[in-house]
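A.B. asks: I am attaching a structure below and will ask some questions about it afterwards.
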Amino acid sequence: MRFFATLVLALPALAMATAVPRDVNGGTPPKSCSSGPVYCCNKTEDHLDKGTTALLGLLNIKIGDLKDLVGLNCSPLSVIGVGGNSCSAQTVCCTNTYQHGLVNVGCTPINIGL
């Protein structure tokens with residue numbers, strides 16, 4: 001029974017372990033984009049996705065003519081992880097941030113090999 005309890009408590013910690021992203025040439029990822037910092041978003045969605053447009057409407061966020069992705073639950077890459085940059089989700093550059101990173105619009109994925 002103790003083994004099972006220990007396993008149940010250890011699994012979330014193992015799931016949170018992330019790899020350090022590297023660019024395609026083996027270096028570390030960029031710390032900023034031309035529009036600001038590199039973000040790590042838990043999820044990216046098409047700006048035309050019905051659920052995404054509903055969320056944007058609820059938060060009164062108008063994206064205008066943007067045709068890029070919408071990043072959800074994003075954090076600047078420089079504050080993620082302990083002892084260095086890491087991201088286990090999608091790294092992106094975004095033009096606008098709302099709700100302290102809850103929603104980022106105008107996002108473009110960054111090609112970083114993990």
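Just so you know, glycine gets a Cβ as well, placed from its N, Cα and C.
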A.B. asks: Of the candidates Cys33, Cys40, which does Swiss-Prot name as forming a disulfide with Cys87?
C.D. replies: Cys40
A.B. asks: Of the candidates Cys33, Cys74, which does Swiss-Prot name as forming a disulfide with Cys41?
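C.D. replies: Answer per the record: Cys74.
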A.B. asks: Have a look at Swiss-Prot and say which candidate in Cys33, Cys107 forms the disulphide with Cys93.
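C.D. replies: Looking through Cys33, Cys107, the record in Swiss-Prot gives Cys33 as the partner of Cys93.
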A.B. asks: By CA distance, which of the disulfide-bonded residues (Cys33, Cys87, Cys93, Cys94, Cys107) lies nearest to Asn42 (N-linked glycosylation site)?
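C.D. replies: Smallest Cα separation from Asn42 (N-linked glycosylation site) among Cys33, Cys87, Cys93, Cys94, Cys107: Cys87.
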A.B. asks: Please identify which of Cys40, Cys87 has the densest Cβ environment, defined as other Cβ atoms within 10 Å, among these disulfide-bonded residues.
C.D. replies: Cys40
A.B. asks: Near Cys94 (disulfide bond), which residues of its own chain have a C-beta under 8 A away, given they sit six or more steps off in sequence?
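C.D. replies: Cys94 (disulfide bond) has long-range Cβ partners Cys33, Ser35, Gly36, Tyr39, Gly71, Cys74, Asn104, Val105, Gly106, Cys107, Thr108.
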A.B. asks: So among the disulfide-bonded residues Cys33, Cys41, Cys93, Cys107, who's got the most Cβ atoms within 10 Å?
C.D. replies: Cys107
A.B. asks: If one measures from the C-alpha of Cys87 (disulfide bond) to the C-alpha of Cys41 (disulfide bond), what distance in angstrom results, rounded to a whole number?
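C.D. replies: So the alpha carbons of Cys87 (disulfide bond) and Cys41 (disulfide bond) sit roughly 8 Å from each other.
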